[in-house]
Amino acid sequence: MNVDTAAAVAERFEELYGAEPEGVWAAPGRVNLIGEHTDYNDGFVMPFALPHTAVAAVSRRTDGVLRLHSQDVESGVVELRVDDLEPESDRDWTAYPSGVVWALRQAGHAITGADIHLASTVPAGAGLSSSAALEVVVALALNDLYDLGQKGWQLARLCQRAENVYVGAPVGIMDQTASACCEPGHALFLDTRDLSQKQIPFDLAAEGMRLLVVDTRVKHSHSEGEYGKRRAGCEKGAALLGVDALRDIAYDDLAAALDRLGDEEEVRRLVRHVVTEDQRVERVVALLESGETRAIGPVLTEGHASLRDDFRISCPELDLVVDTALASGALGARMTGGGFGGSAIVLAEAADVETVTKAVEEAFATAGFTAPRVFEAVPAAGARRVS
Ligand code: GAF
């Protein structure tokens, strides 16, 4: 996000609403390095922010009117009243910003209206948290303008509530926290139980490596049933095992826990994924902290196998990225995000990036899949005011 983008968004705001905005804010999408489907099990995750952001130009209003406009959707200015906002009343893109206004008001914050113009460079439906970026940018703007004094993690909780209750998507807390709290040059080691955080330096270029994001162009959505089914299955597993959340099953007790689940085969697979995935996050953190960065590759790849075979949320395109990348020399690869499409990540030596990229592109062409979008990801900044 550069100064020109902020200026362009402010200019468009002025054209739409007839006055300069009070400010402009940006919030990023994310990739998740490791820790998938652990967040709604109170477990560990490790995302980092992308340079792609949702940008919002915003001004307050005092008359209870909420006006929303997006550069990325052809819907003109949508006008709502803050008093009329109702959960699940809106299935459009506007549900994300208006859900945040609803959640803030529900939490007792006196939001009396706003004019908002949004523009985003986070690819939608690519598993890179375009929705969370929209939510967080609006939450941060209103937090600043209305002087609400909420910290990043508190805004993340409000945004998650907006998405769970207002939008109706049963997501965890990872994406909103990543967008609100990530720092440049770092991955965020987050304990989703209490939102305690540790910024882990993650500078692959300094060590001669790269992380590629491969957007398969297979679109996914969390409001559809499969994500919710996995979540419900995990909650059933926790209930059958008598714990608050699967996070409470220690890795060393996994075999015994799986035995206790008897013939609940589906639940056993979900539990195995979550418990081993939490341990993979801890292994990745330990490896990064001891400077053994290359050794995280196989751990990422193990994570993919677990999501594919136990959690069953991969798809042929994601598997093809992973298999092809590994066969052409990558250090590790896995799907990232909610699954059923979206993006994969590939860890590779800088010298192998071209070979790996070409191999993936050729494999997609041979399989008759839509050409993937491949780009390099370097940890960028979390949500901030830009003007
Ligand atoms: C999606 C959700 F929004 C996150 O909360 C998380 O569960 C993720 O899928 C899977 O790790 O991005």
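Using N, Cα and C of the backbone, Cβ positions are placed for all residues, glycine too.
Those TrEMBL annotations? Automatic predictions, nothing curated.
Keep in mind the model is a prediction, meaning the values are calculated, not measured.
TrEMBL lists GLU36, HIS37, THR38, ASP39 as substrate-binding residues, and of the candidates TYR166, TYR227 the one it assigns to that same site is TYR227. In sequence order, ARG30 are the recorded positions from ARG30, GLU36, HIS37, THR38 with a C-alpha within 10 Å of the C-alpha of ASP175 (active site, proton acceptor). Within 8 Å of the centroid of the Cβ atoms of GLU36, HIS37, THR38, ASP39, TYR227, where the record puts substrate, the same chain has further Cβ atoms from GLY35, TYR40, ASN41, VAL45, GLY172, MET174, ARG230, VAL274, GLU277, GLY338. For ligand 1, the nearby recorded positions are GLU36, HIS37; that is, of ARG30, GLU36, HIS37, SER131, TYR227, these have a C-beta under 6 Å from one of its atoms. For the substrate site, whose binding residues are given in the record as GLU36, HIS37, THR38, ASP39, TYR227, the maximum C-alpha distance rounds to 13 Å. Comparing local CB density within 10 A for the recorded positions ARG30, HIS37, the maximum falls on ARG30.
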